[in-house]
Amino acid sequence: MSVKISGKDYAGMYGPTKGDRVRLADTDLIIEIEEDYTVYGDECKFGGGKSIRDGMGQSPSAARDDKVLDLVITNAIIFDTWGIVKGDIGIKDGKIAGIGKAGNPKVMSGVSEDLIIGASTEVITGEGLIVTPGGIDTHIHFICPQQIETALFSGITTMIGGGTGPADGTNATTCTPGAFNIRKMLEAAEDFPVNLGFLGKGNASFETPLIEQIEAGAIGLKLHEDWGTTPKAIDTCLKVADLFDVQVAIHTDTLNEAGFVENTIAAIAGRTIHTYHTEGAGGGHAPDIIKIASRMNVLPSSTNPTMPFTVNTLDEHLDMLMVCHHLDSKVKEDVAFADSRIRPETIAAEDILHDMGVFSMMSSDSQAMGRVGEVIIRTWQTAHKMKLQRGALPGEKSGCDNIRAKRYLAKYTINPAITHGISQYVGSLEKGKIADLVLWKPAMFGVKPEMIIKGGFIIAGRMGDANASIPTPQPVIYKNMFGAFGKAKYGTCVTFVSKASLENGVVEKMGLQRKVLPVQGCRNISKKYMVHNNATPEIEVDPETYEVKVDGEIITCEPLKVLPMAQRYFLF
């Protein structure tokens, strides 16, 4: 016997289904569910009088070794770069076991082979919630450890960068220089509830000082103009990276002291490189570093202070620059240096280049001209701004924004994972990958997560008064959960290191308790590997007016006065 119910009632009980549309926060962005993996009438739902009970949705006999899940998230909106679907997410041994229909195959139709619910299974009710991969921020200045919780509570689960604390070198550059400092940061990483990887200092004209940092555990090298990003340093750094299969990130020469953007391109010589803040306000050849994004070997990212372009963007940048790069407002040359980096024309073009899929990644530049807790917010604010100013993207289905949404999600999930050689572990919701997931209420999407899961276990979330009779009374604030404590965090979180440091036993000698995994596949990639963000048009910059042209056409946009995902979400 079947029962018919309205779409509204169905969505209220089991969440939206195929063809239903959901607004992301208070933006103008709408996503549509493309497929529903659940089976109508056999949905899994937990609670009093619901279906996940012994002999019903829960197998009465299946033991944990019989492919029974450790955790299932039911009826969720699964939002990833490969699709926007409705279904159940199964997690086992800290990894994603599958996405599809979960339940008890003895009495339910269509249950996926690897998604059996049994007595060993915990349940999170995902009805009406959006689930995304944990975010990845690849431009971290590790200035203070408090950044890590701030990032985690915003939905970031992996942080890559460099630093040693509030040293002037760290304030300005994203480097953990030398074996001693790398070891100390790897040891410190043991205590933090996110995945971590550290970049060594890449500025050296000879190979030995760079090799010893990779062998000490650095997952890559960072070239920064404050250390002297000369053509020789660039070439040497990339030679070492090719030798050890690690990534190079670069902040180029704003002052054009050792050469211009063409000289840097020549020094890179077609080798793969991650260009930080490729627009240039964060640093790089003035005024035309943005041109480098047209190269197939260049993996370009933005940092969030210029994203999106608003009426306040220019005013706040000068003071940020003076502090971060140890400049003196009384020295006219220092002021001129700062002024040369702040160009409204290239900042306006940056928004459009993201929307075109030319810029591939978003990151923070934490406490060094960027906000570590706003990578995800700024990404979706930019997507909203571009929809307002540019309309629907080519190929978009009328009334929804799936193409644009997937493009922007990729900028802080799968693309940074591919760039830094960790996409086999994290960056997407796919079978076999580490279960780093973020759950959102649609109204809070991109701003305030409901819950963060790391390595298949709840590690952080919104929580009310601990003395209350139920979990929801105010004050509701973000708190670390059990996955962030004791020995649990050694299994829920990963430290990424170079393959060389594992093979030479350096990491083993440190006695690290966290799971340690090698980066790989950093040197054989190019822009074409950047999911939904692999465009390589010709980019030109007028040296006098700073106007940006893409394939011969000027691109620009107006700054916004009002953004979504802003004050109304942060009244308390």
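Each Cβ is built from the backbone N, Cα and C atoms, and glycine gets one as well.
Model, not experiment: these values are computed from the prediction.
Annotated Ni(2+) 1 binding site per Swiss-Prot: His139, His141, Lys222, Asp365, in sequence order, evidence recorded as sequence analysis. The N6-carboxylysine feature in Swiss-Prot is assigned to Lys222. Annotated Ni(2+) 2 binding site per Swiss-Prot: Lys222, His251, His277, in sequence order, evidence recorded as sequence analysis. Residues or ranges marked as substrate binding site in Swiss-Prot: His224. The annotation active site, proton donor is assigned in Swiss-Prot to His325 on the grounds of sequence analysis.
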Can you tell me which binding-site residues out of His224, His251, His277 are within 10 A of Asp365 (Ni(2+) 1 binding site) by Cα, answering none if there aren't any?
His277
Quick check for you: of the binding-site residues His139, His141, Lys222, His224, which have their Cα within 10 Å of the Cα of His277 (Ni(2+) 2 binding site)?
His139
Around Lys222 (Ni(2+) 1 binding site), which residues of its chain at least 6 apart sit with Cβ under 8 Å of its Cβ?
Gly161, Gly162, Thr173, Thr174, Cys175, Leu199, Gly200, Lys201, Gly202, Val248, Ala249, Ile250, His251
In whole Å, note down how far the CA of His224 (substrate binding site) lies from the CA of His141 (Ni(2+) 1 binding site).
12
In the same chain, outside His139, His141, Lys222, Asp365, whose C-beta lies within 8 angstroms of the Cβ mean position for the Ni(2+) 1 site?
Ile140, Gly161, Gly162, Thr173, Thr174, Ala249, His251, Tyr276, Thr303, Ser363, Ser364, Ser366, Ala368, Gly370
Same chain, 6+ residues apart, C-beta under 8 Å of the C-beta of His139 (Ni(2+) 1 binding site), given in sequence order:
Ile160, Gly161, Thr174, Ala249, Tyr276, His277, Ser301, Thr303, Ser363, Ser364, Asp365, Ser366, Gly370
Excluding Lys222, His251, His277, which residues of the same chain place their Cβ within 8 Å of the centroid of the Cβ atoms of the recorded Ni(2+) 2 site?
His139, Thr173, Thr174, Leu223, His224, Ala249, Ile250, Thr252, Thr275, Tyr276, Gly282, Gly283, Gly284
Fewest Cβ neighbours within 10 Å, where candidates are the binding-site residues His224, His277:
His224
